[in-house]
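S.K.: From TrEMBL, for reference:
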type	residues	note
REPEAT	73-114	repeat 'WD'
REPEAT	115-157	repeat 'WD'
REPEAT	158-199	repeat 'WD'
REPEAT	200-241	repeat 'WD'
REPEAT	242-283	repeat 'WD'
REPEAT	284-325	repeat 'WD'
REPEAT	326-367	repeat 'WD'
Amino acid sequence: MLEYEKSGQLKTKSIDLLDLDPSTDVSALVEEIQKAEPLITASRSDQVKLLIQRLQNKLGQHSNHKFYLFKVLRAHILPLTNVALNKSGSCFITGSYDRTCKLWDTASGEELHTLEGHRNVVYAIAFNNPYGDKIATGSFDKTCKLWSVETGKCYHTFRGHTAEIVCLSFNPQSTLVATGSMDTTAKLWDIQSGEEVFTLTGHSAEIISLSFNTSGNRIITGSFDHTVTVWEADTGRKVYTLIGHCAEISSAVFNWDCSLILTGSMDKTCKLWDAVNGKCVATLTGHDDEILDSCFDYTGKLIATASADGTARIFSAATRECVTKLEGHEGEISKISFNPQGNRLLTGSSDKTARIWDAQTGQCLQVLEGHTDEIFSCAFNYKGDIIITGRGEIDLIN
């Protein structure tokens, strides 16, 4: 990401390194980037080369990492709703039915802050990654709160929804928080002023999925009305609605370069859409039950789907064909994610286990056991060397 100033405003621009691999000639790649990008001047080339070499080294790290349980935390007196890591994995947050969000130090397992103030279940939680200095919490009390990671103090309480908040997201620039609600609307809030910026209206049922694209200029909402809508983040204008699923939406995300949108549905299918014109370009089939989660890998070359049928599948984004099927769980799979390197997949299931899989072969590499209840949330940190899994308690695995 490049940051530069234009007309007194800080702007960002991204460079596509999606084809970078351990064998790439970095010097030749930097020359190509310089030709195409005037912001990368000769004086900056060594710095860019060093950054790309670091990225290249990271791609080769943790490829054969074996994970071990190193902490079990009895986090809250009532069940958890969600868990989230900051970018480095140095701390994480937990939301709960006990109406609080807690901030934890990953290495020590020490509780750093209890974020109190909501009057109902804290359901949706997020760090403003990559910065990691703020936390947003969305609650069944119809409000969203913004907190300081350092002090645990509440900056703002965002009021305006008329029903439960069930999803939220920071934009990449960390200037806005978006919230999705059972009241059928999404709202954008200004982090600095605490004011509402826009209300996104048009869905006819609950909004249960919401995310920004990589550049932060578009936002996507998925609803129980069977549709997904794309909006302009700058104006709140509806760009288009993706119509084609015949049941509730479970997930909706952009790929990294914002060219494709992936949607998962209770109709047992995922669909791929052209993000420019909103046209459906593929329907991914094969599951025997509802799709509960779906995602792209970090480059957008692979797609993973998780289903209530107890299996997961990996598809090629280019050919739209199923590459491999992940079989072994004995209950529905509610969560799936790639590690940052893209060679491993993490799944969380109602069979009380999480599993790590080889993304190329579909082979199960590890079964992470120890929970006494279904796993509803699990995630890698940015390095891919820490996993967090949650239900009644939290397991930290590295």
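Here the Cβ of each residue, glycine as well, is placed from N, Cα and C on the backbone.
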S.K.: Check the repeat 'WD' (115-157) for me and report the mean pLDDT.
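M.R.: Over the repeat 'WD' (115-157), the predicted model scores a mean pLDDT of 97.
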S.K.: By DSSP assignment, list the helix, strand and coil residue numbers for the repeat 'WD' (284-325), in that order.
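M.R.: Within the repeat 'WD' (284-325) the tally stands at 0 helix, 22 strand, 20 coil.
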S.K.: Run through the repeat 'WD' (73-114) and tell me, per DSSP, how many residues are helix, strand and coil.
M.R.: 0 helix, 22 strand, 20 coil
S.K.: According to DSSP, how is the repeat 'WD' (200-241) divided among helix, strand and coil residues?
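M.R.: Secondary-structure composition of the repeat 'WD' (200-241): 0 helix, 22 strand, 20 coil.
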S.K.: Can you tell me how the residues of the repeat 'WD' (242-283) break down into helix, strand and coil by DSSP?
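M.R.: Result for the repeat 'WD' (242-283), in helix, strand, coil order: 0 helix, 22 strand, 20 coil.
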